[in-house]
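**Student:** Here it is: the structure, laid out below.
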Amino acid sequence: MISSLLSRSSIARRAVRGFASTAVQLDASAKLNKPARFAQPISASDIPKGFVVSSTYAGIKAAISPKPADPNTSASTAAASNPNPKPDLALIVSTVPAAAAGTFTRNVFKAAPVVVSNQVLLDGAKKEQGARVQTVLVNSGCANAVTGTQGMQDAESCVELVKKHLAPHPGLAQSSEGRETLLLSTGVIGVPLPMPTIKRCIPHLANGMILRSDPESWRETARAFMTTDTFPKLRAKTFKLGGKEVRMIGIDKGAGMIHPAMTGPAVPSAVSSGQLHATMLGLIATDAAVQPKALQVALNRAVSRSFNCISVDGDMSTNDTIILLANGQSAASSSTAVANEIDESSPDFEPFVSELTAFCQELSKLIVRDGEGAEKFVEITCTNAPSYTVAHGLLSRLVTSMLFKCAIHGQDANWGRILASVGGADPSLTKDVDASKVSVSFVDPTGEFESITVLRDGNPVKVDEDEIGKLLTKEDIKVVIDLQNGKEDCTYWTCDLSREYIEINADYRS
């Protein structure tokens, strides 16, 4: 009799939760409208001085699609059905050679553009003036990854084409020093770039007449980064260093194949595959004057607390790259002047790192917000850990747990999945975790609902299922894991796993 009543009670709870979940999902569908909520305009006054951009539609994905063209559809008819296609090829140019830094995927199967860009920064670091770059070429639709010798040749051809066709632009420095080009590619893996298409479009992009630096041009450039993204991820801001105004602008993309673990430029033998986790790409440009070595240190620190702390589906891309350019034009008296550069000993270095880190976190969280099919945004903090490495490693394990992500999607406070995942991490991470000290809480970042502790000092806490159920209906949810065994902390950002994620990735190449 008792077991029968318990069974009926369980069925009733599931039914109520099911009705509530359906209602919330319908409500979420109406509210999610990510482009309207997160695609923000930028102010012209926040655009860094000395950078110009151009973009165009090349038809890259259409050129490599395995889906045969409809013989009954003419080219003119196809064009008419999509009169304003999304750009898929873009050029970002600094009017003077800019200090450059980058972080790149640790995936063993690094894409050709990653290898080429990594080498440019390595070679530049050996020079007296450090790594200097003037242009970045971006394409979406084709990753140029796992494409063998042909892929490397195509990447190098892109660099040469940009050098050849970059027309003189008003104020564009013509010195041969520092006129290097970096590459960013995203899209389908295992297919070569459609070089006839690329060769046709680069001269157009490099034409000084269309290189501009207005908000709309930057927005179109951000759209050129997009694959399964639902909105262009573009942000810009102005801040002060040493009492002087400097500007920073950033573009990133990503919605799937997101679990970066990037490192700075390194020779292949010096980088392990790490934790093998659509590609995450990012470009940040500032008119602050920062010495290249210091710029790389700043980017490494910022990325470790931002882009390397996000996950959508646990898969590391072959193409993950973040590029940072600093051209020093904020304090320039002319288009070719470069102010004294900040180094690691400068009083402005730590403030710059702080501003950069906050900016990277803002950009990286947009990727999670736009996670393929995502309906929930989850912030997870591991506090009082013995080291940052331990905290980061435990969270990196948790955010790849399909059971945890499904529970979040279903608004089910099944906190046992959190502990099962964290506890199953590598022994090198868990050896200093004392299960009898761990506490877990669910938090509403908006403050509408009170925080609810479900585990305290290793012991479960009886909670009101209705109250925690209400908290989990929120779009934004925070989970706090307190190890009570140190002073370090780490925060990760992830999303739920929905049916739409499967639908998107089942049809990715078509």
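Cβ coordinates come from backbone N, Cα and C, glycine included.
Copying in the features that Swiss-Prot gives for the protein in this structure:
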type	residues	note
ACT_SITE	Thr279	active site, nucleophile
BINDING	Thr227, Lys253, Thr279, Glu372, Asn505, Ser510	substrate binding site
**Student:** Give the distance between the Cα atoms of Asn505 (substrate binding site) and the residue listed as 'active site, nucleophile', rounded to the nearest whole Å.
**Tutor:** 13
**Student:** If one measures from the C-alpha of Thr227 (substrate binding site) to the C-alpha of the residue listed as 'active site, nucleophile', what distance in angstrom results, rounded to a whole number?
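**Tutor:** The separation of the Cα atoms works out to 9 Å.
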**Student:** Highest CB neighbour count within 10 A among the recorded positions Thr227, Thr279?
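**Tutor:** Its Cβ has the most other Cβ atoms within 10 Å: Thr279.
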**Student:** Considering the binding-site residues Lys253, Glu372, Asn505, which residue's Cβ sits among the greatest number of other Cβ atoms within 10 Å?
**Tutor:** Lys253
**Student:** Measuring Cα to Cα, tell me the gap between Thr279 (active site, nucleophile) and Glu372 (substrate binding site) in whole angstrom.
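**Tutor:** About 12 Å separate the Cα atoms of these two residues.
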**Student:** Under DSSP, is Thr227 (substrate binding site) part of a helix or a strand, or is it coil?
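**Tutor:** Coil, per DSSP.
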**Student:** What kind of secondary structure is Asn505 (substrate binding site) part of, going by DSSP in three states?
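**Tutor:** SS state of Asn505 (substrate binding site) = helix.
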**Student:** What three-state class does DSSP give the residue listed as 'active site, nucleophile'?
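**Tutor:** Its secondary structure by DSSP: coil.
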